[in-house]
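Q: This is the structure, below, for whatever I ask next.
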């Protein structure tokens with residue numbers, strides 16, 4: 001075992017000597033010269049390597065520090081005396097205002113009575129607050145149940161986006177850096193359609209509101225609109241997965257990266273040519289979405305613009321400029337002609353196309369890092385997530401400041417808000433997925449125990465309101481998508 005060197009031992013002895021000397025010093029009323037003499041004697045009694053000039057300077061500094069403390073101490077005493085004087089004056093004035101000549105005993109009784117009332121009031125408030133705390137702990141007995149239902153494995157690279165169709169039959173769509181988009185049977189986990197029309201990473205996938213048509217955005221600087229025809233296979237029994245509370249956080253070792261190398265999409269039908277390609281961007285197209293009605297589509301690009309297209313003619317209708325850096329996401333309102341775009345410039349913008357003759361824009365400035373996504377809720381809210389590790393809820397009628405802020409421990413990626421319960425699903429860089437309500441109250445964390453959950457960054461979440469077994473999907477850079485069954489008791493959602 002290594003021993004201490006001579007210089008280190010000497011330094012420790014010197015430190016111990018100083019400590020013992022300093023503990024033995026008592027405060028006195030001696031003059032400044034006496035104090036300096038005492039300190040000089042102390043330093044001279046030690047084996048000091050300091051030159052005399054340096055020691056004298058230190059002594060002067062110590063003297064100044066002590067004088068400052070003395071002044072503070074005297075000021076404190078003077079302030080206390082003034083406070084006592086003011087309290088006495090207030091007591092006399094209060095007695096004069098009351099107009100009653102109270103004896104000393106009566107004043108004591110009155111003071112004790114008021115003190116008793118104050119004490120009783122504090123006890124009542126304390127009981128009420130603690131009862132609320134206890135009741136909130138009791139509600140955790142009805143915990144959110146988050147059950148892993150199905151893994152969707154078949155991509156050869158990380159997944160950027162996940163989406164669920166809005167038409168029947170309900171299928172799952174994934175967009176991957178392996179240049180493909182896959183459609184899956186939610187029940188069986190089997191690949192139904194493979195789209196290979198892009199020459200770059202597929203960054204997002206969204207489905208037409210009424211037809212079997214998909215919209216994908218890609219790193220090849222285009223967005224493709226393509227048709228699919230699916231027939232669901234016969235459902236098979238789901239794997240028996242034990243229900244795990246969403247608040248558990250038991251980590252597990254990473255699985256072998258080769259687990260996801262099996263190409264489940266090799267034997268599924270392939271679509272190679274789109275119905276139309278949208279080609280007006282000069283950079284990566286990072287996201288795309290359908291406007292309400294499905295007759296127009298919007299794209300977001302790293303060229304700092306968002307484009308609005310006519311789907312039937314593929315013509316560019318509007319080019320939305322104003323962001324100072326690359327765009328990261330775009331989203332459309334489910335019932336109105338509104339678009340929100342997110343950017344690395346720490347802002348997101350709301351574009352209003354409800355008036356055909358003019359479109360307005362509002363800029364939201366509330367984050368300190370890249371805004372990774374901003375999405376609409378059913379009501380008049382927008383929820384934004386950022387690399388600054390926060391999620392903010394905004395009211396479209398009052399856009400100056402957020403109405404709720406959620407602070408987390410990791411960067412937030414593409415969030416999703418459920419239509420029915422208005423629950424926000426937060427995918428994180430640290431492999432976690434957390435659930436919050438629209439008021440910012442944490443509801444659950446998806447389990448990562450028993451070798452379940454994501455092993456790499458979670459890029460996106462998507463809710464499915466209509467499916468009976470899986471109502472939340474997540475995807476990440478572990479090359480898989482996961483289907484979850486989330487049961488949030490109504491008790492947890494009470495405000």
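Cβ coordinates come from backbone N, Cα and C, glycine included.
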Q: Of 173-204, 205-236, 237-268, which span is tagged region 'Disordered' by Swiss-Prot?
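A: Matching range for region 'Disordered': 237-268.
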Q: Among 1-34, 35-68, where does Swiss-Prot put the label region 'Disordered'?
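A: Of 1-34, 35-68, Swiss-Prot gives region 'Disordered' for 1-34.
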Q: By Cβ distance under 8 Å, which residues at least 6 away from the ends of the repeat 'WD 5' (366-404) in the same chain are close to it?
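A: Residues 328-329, 331-334, 338, 340-344, 346-348, 350, 410-417, 419, 422, 424, 426, 436, 438-440 contact the repeat 'WD 5' (366-404) from elsewhere in the chain.
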Q: Taking the repeat 'WD 2' (197-236) as the reference, which of 280-319, 322-361, 453-494 gives the largest number of Cβ pairs under 8 angstroms?
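A: When the Cβ pairs under 8 Å are tallied, 280-319 comes out ahead.
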Q: Can you tell me which of 280-319, 322-361, 453-494 gets the most C-beta pairs within less than 8 Å of the repeat 'WD 1' (154-194)?
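A: Answer is 453-494, with the largest number of Cβ pairs below 8 Å.
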Q: Summarise the repeat 'WD 3' (280-319) by DSSP state, stating how many residues are helix, strand and coil.
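A: Final tally across the stretch: 0 helix, 21 strand, 19 coil.
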